[in-house]
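Asks: Dropping a structure here in structure tokens format, bear with me for questions.
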Amino acid sequence: MRIALYPGTFDPITLGHQEIIERGSFLCDRLYIGVAVGHHKKTLFSLSERCELVNGVLADLTLHCPVEVVPYCGLLATLYQKLHANILIRGLRSAGDFEYERQLFYANQHLNAQIETVFLLPAPQYSFISSTLVRELAQLNGALDGLVHDIVKKKLRLNSGGQ
């Protein structure tokens, strides 16, 4: 059985993330979306809010295998092993992402040589979208169309005082 793990902070989940999830679901028999606590980042949404948003978005996606959201804290390599995953899915938008992901790849290999990483490039219309950009636009009351799902947009607007 091919079990994949697509980890991230998803603060918030974007249309780019959604596309990677849909395409990733073709590659496996079961897909886990690992939502990280995000100790290294100050998150806008709590872990439970981020899991709720991911689950809400999943309901509207065309998925080709069962998908489950799993919150996690700690090492990605530990979660990978716990879930019996054999594919780690990561998205690459730019050369900067590649360099960061290359370092993570080697760190994960150091922790667990069994980790196989598959990198997916987003469609061009999603290649510039980041959760950071979305949070900044929301904070400044910028347009979020074409960046996030409507439920995410609504949550961002509520979080920024309904502006």
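Placement of Cβ uses the backbone N, Cα and C atoms for every residue, glycine included.
Below are the features listed in Swiss-Prot for this protein:
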{"type": "BINDING", "residues": "Thr9, Phe10, His17, Gly91, Leu92, Arg93, Glu101, Tyr126, Ser127, Phe128, Ile129, Ser130, Ser131, Thr132", "note": "ATP binding site"}
{"type": "BINDING", "residues": "Thr9, Lys41, Leu76, Arg90", "note": "substrate binding site"}
{"type": "SITE", "residues": "His17", "note": "site 'Transition state stabilizer'"}
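For the listed features, I'd like the structural context: burial, neighbours, distances.
Replies: Following the DSSP three-state reduction, the secondary structure of His17 (ATP binding site) is helix.
DSSP assigns Leu76 (substrate binding site) to a helix.
Its Cβ placed at the centre, His17 (ATP binding site) has 24 other Cβ atoms within 10 Å.
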Asks: Other Cβ atoms within 10 Å is the metric here; tell me which of the binding-site residues Lys41, Arg90 scores highest.
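Replies: Counting every other Cβ within 10 Å of each candidate, the maximum falls on Arg90.
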Asks: Spatially, and counting Cα to Cα, which of the binding-site residues is closest to Thr9 (ATP binding site)? Options: Lys41, Leu76, Arg90.
Replies: Lys41
Asks: May I ask which residues of the same chain, at least 6 positions away in sequence, place their Cβ under 8 angstroms from the Cβ of Leu92 (ATP binding site)?
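Replies: Phe98, Glu101, Phe119, Leu120, Leu121 - these are the non-local Cβ neighbours of Leu92 (ATP binding site), listed in sequence order.
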